[in-house]
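Since the structure comes first, as structure tokens, the remarks are kept for the end.
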Amino acid sequence: MGKSFSHLPLHSNKEDGYDGMTSTENIRNGLVNGEVHNEDGRSGDVSQFPYVEFTGRDSVTCPTCQGTGRIPRGQENQLVALIPYSDQRLRPRRTKLYVMASVFVCLLLSGLAVFFLFPRSIDVKYIGVKSAYVSYDVQKRTIYLNITNTLNITNNNYYSVEVENITAQVQFSKTVIGKARLNNITSIGPLDMKQIDYTVPTVIAEEMSYMFDFCTLLTIKVHNIVLMMQVTVTTTYFGHSEQISQERYQYVDCGRNTTYHLGQSEYLNVLQPQQ
């Protein structure tokens, strides 16, 4: 022992006292720190360290969780988390791709809607006179002529249309000799066609009674007269009404009952009599 102390420097009593106090405090601190480290090793729970906010030199306990690191129950929908603007969650990948895909889908749906809902024409085609029934009133010198015609109506739209009514009249020598109107006829499906037969009753009398002699003349086999047929078809779709009108001249035999072969006439039609 003496040999070991011979190498120690000599100090004053004051310094020796200070060193003694320092050594004692260091020993105590070492024991305290050792106990703390042992407790940390045993528990291994880091939750005992409070959550604090560092604001430079000082630190402030988090007011939300009160330093516990746990959010109070029932406040999950009331608290807002702040994240940096540069966080990748604010800039998800493929955003442009999703936006472009959404725009493309919207444009595609709009284009399809315009294509299928865009109004197209409704074609009215006269097929010909189907039959003509003739009767006479000899005393009144009157001719009764009922003309049945065939009309094709084609719907070129991708939705159904309603044929609301068909009106027609027949003129002979600039005089109206017959009228007819047919209501609530039928519905035509998308890209479909329907054929409609209708009859217009006509009367040739009074100032045109001279035609009675012509139509009953036995020396003539064919008693054709020229009649002007006027027809108007009214269709509706999506609350919109559309009218299609046509007029043509038709040869009709007023001397006998006649049945015609459809497709051989180039003239127009008329319809069923008004009620």
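Cβ coordinates come from backbone N, Cα and C, glycine included.
Residues annotated as region 'Disordered' in Swiss-Prot: 1-24.
The annotation N-myristoyl glycine is assigned in Swiss-Prot to G2 on the grounds of similarity to another entry.
Within the model, the topological domain 'Cytoplasmic' (2-97) shows a mean pLDDT value of 57, rounded to a whole number. The topological domain 'Cytoplasmic' annotation in Swiss-Prot covers 2-97 and rests on sequence analysis.
The transmembrane segment annotation in Swiss-Prot covers 98-118.
Look at Swiss-Prot and you will find 119-275 tagged as topological domain 'Lumenal'.
Taken from Swiss-Prot, the feature N-linked glycosylation site applies to N146 (among others), supported by sequence analysis. Sequence-distant contacts of N146 (N-linked glycosylation site), defined as residues of its own chain at least six apart whose C-beta falls under 8 angstroms from its C-beta, comprise A132, Y133, T199, V200, P201, T202.
N152 (N-linked glycosylation site) carries a strand DSSP state (E or B). Residues or ranges marked as N-linked glycosylation site by Swiss-Prot: N152 (among others).
Residues or ranges marked as N-linked glycosylation site by Swiss-Prot: N165 (among others). When other Cβ atoms within 10 Å of the Cβ of N165 (N-linked glycosylation site) are tallied across all protein chains shown, the result is 17.
As annotated by Swiss-Prot, N-linked glycosylation site applies to N184 (among others). In three-state terms derived from DSSP, N184 (N-linked glycosylation site) belongs to an extended strand segment. All chains included, 9 other C-beta atoms sit within 10 angstroms of the C-beta of N184 (N-linked glycosylation site).
Neighbours of C254 (disulfide bond), defined as other CB atoms within 10 A of its CB across all chains, total 24. The disulfide bond feature in Swiss-Prot is assigned to C215-C254; the stated evidence is similarity to another entry.
According to its DSSP assignment, N257 (N-linked glycosylation site) is coil. Sequence annotations record features per position, and here Swiss-Prot assigns N-linked glycosylation site to N257 (among others).
Listed as Cβ neighbours of the transmembrane segment (98-118) (distance under 8 Å, sequence separation of 6 or more from its ends, same chain) are residues 158-159. For C215 (disulfide bond), the same-chain residues 6+ apart in sequence whose C-beta sits under 8 angstroms from its C-beta are V134, Y136, I143, I204, H223, I225, C254, G255. N165 (N-linked glycosylation site) has its Cα within 10 Å of the Cα of these glycosylation sites: N184, taken from N152, N184, N257.
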